[in-house]
Amino acid sequence: MSALSRHRALTAIWGSPRGWRGTVSSVNHSDIGRRFILAAFAFFAIGGVLAMLIRAQLATPGSAFVGPEIYNQLFTMHGSIMMFLFAIPMFEGLALYLLPKMLGSRDMAFPRLSAYGWWCYVFGGSILIAALALGVAPDSGWFMYTPLSSKAYTPGINADVWLLGITFVEISAVSAAIEITVSILRLRAPGMRLDRMPLLAWYLLVTALMMVVAFPPLILGSILLEVERAFGWPFFDPLRGGSPLLWQHLFWLFGHPEVYIIFLPAAGVVSTVLPVMARTRILGYGWIVAALLALAFLSFGLWVHHMFTTGIPHMALGFFSAASALVAVPTALQIFAWIGTLWKGRPELKLPMLYLLGFFVIFVLGGLTGVMLAMVPFDWQAHDTHFVVAHLHYVLVGGFVFPMLAGAYYWLPHFTGRARIPLLGEAAFWLILIGFNLTFFLMHLTGLLGMPRRIYTYPSDMGWTWLNLLSSVGSFIMAFGFAMFAVDVALQIFLSRRARRNPWGAHTLEWAMPLPAPAYNFASQPRVADGEPLAADPDLPLRLARGEGYLAEIRHGWRETMAVDVTTGAVDHVIILPGNTRLPIITALATGCFFLALLFGFYWLAPLPLVAVTVLGWRWAWTLGWREEIGPVPIGAGETALTHREAAGAPGWWGSVFLLVADGTLLGSLLFGYAFLWVVAPNWPPPELIAAGLPQGAVAALAALAGTVLTRLAASAGVAGNNAASSRWASLAVGAQAVVIAALLWLGLAELPAPTGHAYAASSWAMIAYGVLHAFIALLCAAFIRARIASGHIRKGRVLETSVAQLFGDYAGLATWLILACVLAPLVLA
Amino acid sequence: MLKWLRLTTTALAVGGCSGPLSTLDTAGSAAASIATLWWAMLAGAAILTVLVMTLLALAFRRRPTPAPGGTRLWIGGLGVAMPSTVLLVLLGFALALGEQTIARKAAGVVVVEASAHQWYWDFRHPGMAGEIVTRDVLHIPAGRPVDLRLEAHDVIHSFWVPRLAGKMDAIPGHVNVIRIDAKEPGRFEGQCAEFCGLGHAGHRFRVVAHDAAGWTAFQRGEQP
Amino acid sequence: MMLLARASAGLIFWAFGFSVLYGLHGIGCAYGWPSTEVGGGNLFRWVMVASWLLLCAGGAALIWLAKAAPSGLERRLSLTSAVVGCAATFVTGLPVAVTSACV
């Protein structure tokens, strides 16, 4: 087969239909990645316009441009958009687009999940923007502190828009996190050991793992607050045993790691682009990986530094202050590793390097003010002033936007296949750099002179007038810079000449393909023997195009890509990925209907879309797989491998593991909340505790154990090819989970006080609801196994579906036991 | 060193760092020591910035052979040892300073109850004949430590008089205590620092620090 | 996967120790341990300092264990993780010895 005919055949398999059909059905990672990036940039523009309105209002004292009603929406939406609709999706887009290409793979592990995440992001973001246009946008700050965001003080729909819209968008964040993790761990080119991975993949792996653990606390907090607003369950109401501090803990338990989740991918871009600009290899690869791991963990011990003024005792503040100081060390390590790399090589002042220099200047200043704010006494003064506004913009714009702009100019030839028009980008750089510093450098002083955040106006005699005016002027200069960047990119896409194949002389695999990148990435997958494959073998692109790598053979119209051993990168199995489908958009629409029903208060209608999502989810799993015997398939170079349905540890199993890690974090946060309220909240102990319920508890516990064991029996019988036994065990497992659900509900209804009375009852009920939901999921899994045995999909040696069902069965059992222990604890201890 | 810093502080405060809510134009002991911490950190940050920028600039100079220095210098020395040392010293200093600032048990502390509302403050002072309640004006004796017991009645607010001390949130359902003092008699502006809704910008109050005679008069119920 | 587990072990240990100290602090303050006198100090200080020192010892033991990891990136990551975990346990726990209990 010639290279050209292979290209045509692969494009037919991996590409998307033209027109709207392709738009709604494509699951290709390059398509979805590009869409994420474009949409994130559009949201960045909207957030930027809001920022300009904020600066217009603050330019002069006593301004009558907007009132507090509008102003509060402006800054709330500016923060929320930049965090949730710009920064996170932007890096997700970059990861979706680049990761398979850098790892020598053909797609991400769960293409339909990427598409589902994309639609959830767009629909959720649209809800927020629509609310903004209609003047009912959230107005309690991006941090949504209760009680200000509670029903009593925000009676309108504004807070619900935030809670539901952001939770909707977070579905995409969690799915991207799981997908990125599994793709990096398993979907690499054969031979790419973990220590040969491009550094960006390490950064994204660490980021994605952090997201798996960081987002659940916020999702839980949002659910609890929405339930409080909608049904009056008083989790955060101090009069009924709730605590506003619980919200702050849950929010910042997410919110601080979030800062690093935003910074790390951008730092990964620096570690990728900078050595290429310096024509050398990065200094201290292993040290940087170690620093990343340290950052990932330490960043979870900082959240209370957002709460230094909430009256937490000094000793506890000390723990978090120390951790906040420590986290600067791995960051400093990276800074000096980068400078050392520049010293080692011969840096050239090309445009991406210019942006990297901007990053150094701004981010170092932001890091230093961060260390200052980590010191408790200084924070007591600076907290909630414009000093913090300056600091966070130095960190986020310096630590995210500048590296991303460097990355944009670095990878644009990859996206467009075209070269840049000279000088426009340099002009944009200087406008952004000067405008940024004019806006935010002065703001440190504004804050020290006492200007608090989030005030819509100020008197003229405070000494802030000229500082604010200069900041506003700077912000408009910066805005011109970004507009010029957009123009530059548009010109490059539509007008510029074609680019060379590897314009920067880089050595990572994403440059081992024609530009713009084809839908299938690699005509055949490389065998990697070096951290910089193109340096070791400059002819690699040609050989891959000729089909001299893995999986060059085209068969059955399958989308095939290799899965490797996590650590060694040895060939493990072949993954056959699903093709284009409308299931993701339809499922996202059904999910959206659920959120809209809650938003407009049609609670009776909300179960309908939930049923639809369940049915679609079933179909989602059902449409995969095949009945025929496959066995080992040839993969090239005379080797063979099993397909993923017959190999242990397929991506679906790994994805389920990480989903359950996220789910477990959510449960952990719920249990933390329960314990926190017991120890810290006012108006405890509650007037009424659980008085009986051991029999129901015993039934639920035994049934949960039975459900777990039966699912395991069904799984092992299924893999052994004993269909009749497997089917019988699965039916019994369905029955056991149904008993769990009934017993848990019976326990709640018969013995627990009403959830609206006290936070104790509300949190006990929340745990019961969690248990019921997971027993139901385990029930569906067991029923699915039964149906798949009947249909002939599960047969001897097919481990994937049964192993996933077993995971969910195990988890449901464990969760039920934990929940029963917590719900019944007051009874047993009393 | 500290004395020198304090002198510089005062000089700078006079020339441009003053203002009714300025944290640098200090009039209380907590605010003064925090301002000292700030100037010290600013000096340190300036030195580190110059160091990093110089190293960065030197990377671009033309040179015949690649410059020396491997992971030991860049990562072990500059990346780990240097920041760890600086941060540990700073952390110890800040913790000690925090200890002096918090509301520990002490003799002669005046206790005032403050309750925050959308959008005013009520202060309940100890008087000769029972409580004296004022709205949006807090009265304290100059030169004595004062503990404010903060409560909030609706949403979270934050008590902040920048020239005297740091801030502390007033949270519904919890009581927080902050210690302030004014070195000299005078009037000081206060501002709610936690976003509290539509009236947040205007959620201001004033502190009046009395001399000994003025404080006695206030406690007797004679409004000044 | 063992590589990632080894490379995180020391840091997971720090996270565990950090949660233990923070949790004990919250419980101790809620139940008034600082006002219980035990052996020349108060119960709160004894519990906090003892837990901190125990955790530091545990961190040191992990460093010793990490030396057994296979060489290459895996040993480097396990060792740095253990050293960072132990050092971080020491530094973030330092306030138990020097700051006021529940003010």
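From the backbone N, Cα and C atoms, a Cβ is placed for every residue, glycine too.
Feature annotation from TrEMBL assigns domain 'Cytochrome oxidase subunit I profile' to A:8-529.
Marked as transmembrane segment by TrEMBL: A:74-98 (among others).
Residues or ranges marked as transmembrane segment in TrEMBL: A:245-270 (among others).
If you look up TrEMBL, you'll see A:282-304 (among others) marked as transmembrane segment. Residues of the same chain lying 6 or more positions beyond the ends of the transmembrane segment (A:282-304) and with a Cβ under 8 Å from any Cβ of it are 195, 199, 202-203, 206, 209-210, 213-214, 249, 252-253, 255-257, 259-260, 264, 271, 274-275, 312, 316-317, 319-320, 323-324, 326-327, 329-331, 333-334, 337-338, 340-341, 344, 374, 531.
Annotation comment: TrEMBL describes A:316-342 (among others) as transmembrane segment.
According to TrEMBL, the feature transmembrane segment maps to A:354-376 (among others). Distant neighbours of the transmembrane segment (A:354-376): 270, 273-274, 277, 302, 305, 308, 314, 317-318, 321, 324-325, 328, 331-332, 335, 338-339, 382-383, 387-388, 390-399, 402-403, 405-406, 409, 426, 429, 432-433, 436-437, 441, 444; these residues of the same chain sit at least 6 beyond its ends, with a Cβ under 8 Å from one of its Cβ atoms.
The transmembrane segment feature in TrEMBL is assigned to A:388-411 (among others).
Annotation source TrEMBL lists transmembrane segment at A:423-446 (among others).
Cβ atoms under 8 Å from those of the transmembrane segment (A:466-491) belong to residues 41, 45, 48, 51-52, 55-56, 58-61, 405, 408, 412, 420-421, 424-425, 427-440, 442-443, 445-446, 449, 451, 458 of the same chain, restricted to positions at least 6 beyond its ends. The feature transmembrane segment is assigned by TrEMBL to A:466-491 (among others).
What TrEMBL lists as transmembrane segment is A:583-604 (among others).
Taking Cβ pairs closer than 8 Å, the transmembrane segment (A:729-747) reaches residues 693, 696-697, 699-700, 703-704, 706-707, 710-711, 713-714, 717-718, 768, 771-772, 775-776, 778-779, 782-783, 785-786, 789, 809, 812, 816, 819, 823 in its own chain, all 6 or more past its ends. What TrEMBL lists as transmembrane segment is A:729-747 (among others).
According to TrEMBL, the transmembrane segment annotation covers A:767-787 (among others).
The feature transmembrane segment is assigned by TrEMBL to A:808-829 (among others).
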If we skip the immediate neighbours and take only residues 6+ beyond the ends of the transmembrane segment (A:74-98), which ones have a Cβ under 8 Å from one of its Cβ atoms?
29-30, 32-41, 43-44, 46-47, 50-51, 53-54, 57, 66, 108, 114, 117, 121, 125, 128, 132, 137-143, 162, 166, 169-170, 172-173, 176, 180, 200, 204, 207-208, 258, 261-262, 265-266, 269, 396, 400, 404, 407, 411, 415, 454, 510
For the transmembrane segment (A:388-411) and the transmembrane segment (A:767-787), does the number of C-beta pairs under 8 Å, pairs 6 or more apart in sequence, reach 3 or more?
no
Could you give the mean pLDDT over the domain 'Cytochrome oxidase subunit I profile' (A:8-529), rounded to a whole number?
95
